[in-house]
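To start, the structure under review is shown below, and the notes come after it.
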Amino acid sequence: MTTQLEQAWELAKQRFAAVGIDVEEALRQLDRLPVSMHCWQGDDVAGFENPEGSLTGGIQSTGNYPGKARNATELRADLEQALRLIPGPKRLNLHAIYLESDTPVARDQIKPEHFKNWVEWAKANRLGLDFNPTCFSHPLSADGFTLSHPDAKIRQFWIDHCKASRRVSAYFGEQLGTPSVMNIWIPDGMKDITVDRLAPRQRLLEALDEVISEKFDPAHHIDAVESKLFGIGAESYTVGSNEFYMGYATSRQTALCLDAGHFHPTEVISDKISAAMLYVPRLLLHVSRPVRWDSDHVVLLDDETQAIASEIVRHNLFDRVHIGLDFFDASINRVAAWVIGTRNMKKALLRALLEPTDQLRQLEASGDYTARLALLEEQKSLPWQAVWEMYCQRHDTPAGSQWLDSVRAYEKEILSKRS
């Protein structure tokens, strides 16, 4: 530890102690908050089922930066490089299309054995795993419908895929000793004016009930459902709307997934957390950065990321909120994208933990909104960066932008050699 870092740390402890904050306790709390990194940033949501296939479902990964992972070995190597540069606990979020098999496997036939390499790798890297059925980029989703499809046979295919995915998720939780959160998102919707908005939602309701009919130990598996406002090619009608899934999660007591990019641009999910928590047992958050639409830009340490973290901390939701990331930028180094986004999420959590929330809550309760605003602004200038640097030091990760040197070296030695 350098003298400069030690001095900054000691001064930071004193400054935060003056406003009633124990920085050591804040760091202990931060170590209780894993962030689930999404595997699909590493290969632009291609997966291993058909890597040359088109990405569908109304989502886009734009850019052509060289060096994307082409197989599971490369993807895991890239993830390991990113993991070394991010302090504190992490998880990995997998989609079903990241299975490994010597022969083609239909999506309704996926089994735990197709993910055993991921489980062994997660054990070696002390990670929990989360999961997602992949209800897009497939011939049977080409017309824009999956679990709400009017064709019963196609609908059953997707039901069976989701049921098989739940078994994989439960396998993750059983093997790794930490529950896997399995999130269901479907692209179902219509491009133009829709006459019958009810029937697809009735079919989706019945399909989801069949999907979750098999019971699993909640210590191994947690179901989550995710809404969306619109997607490319489904601008006018989305079957799985916010109201649909809020009702479903409330009535079935599943987790509800809130994705930062899946609402109107004037809406923020930070404002939805406290409302949803009154009705659902758990929340899954997909922290992202929508630029004018669900563009899935890399997460910044911006106002909304900070507000999301503050809601979790202020209301002590550590055991009820699962933090995941969801972005995919193919225009920059993909390892760097993981590092930037995940470190920013953790920085936001740390800053929230360093807030004098009790004092602010008392001011609010007494009606002293002047002091509330003044202290909220003053605390932004407190030396949280010194606390972050100490946290990085304790986890043997670079404190500042030095991590970029490691990424550049990896790019030169490994990524640049990929065709």
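Cβ atoms here come from the backbone N, Cα and C positions, even for glycine.
Worth saying up front: this structure is predicted, and the values here are computed from it rather than measured.
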**Q.** Asp294, Asp296 bind Mn(2+) per Swiss-Prot; candidate in His220, His221, His262, His395 listed for that same site
**A.** His262
Q. In which DSSP state, out of helix, strand and coil, do we find His262 (Mn(2+) binding site)?
A. coil
Q: Look up Asp294 (Mn(2+) binding site) in the DSSP assignment and report helix, strand or coil.
A: coil
Q. Which entry in the list of binding-site residues, Asp294, Asp296, has its Cβ near the fewest other Cβ atoms, using 10 Å as the limit?
A. Asp294
Q) Around His262 (Mn(2+) binding site), which residues of its chain at least 6 apart sit with Cβ under 8 Å of its Cβ? A) Glu226, Ser227, Lys228, Leu229, Asn242, His286, Asp294
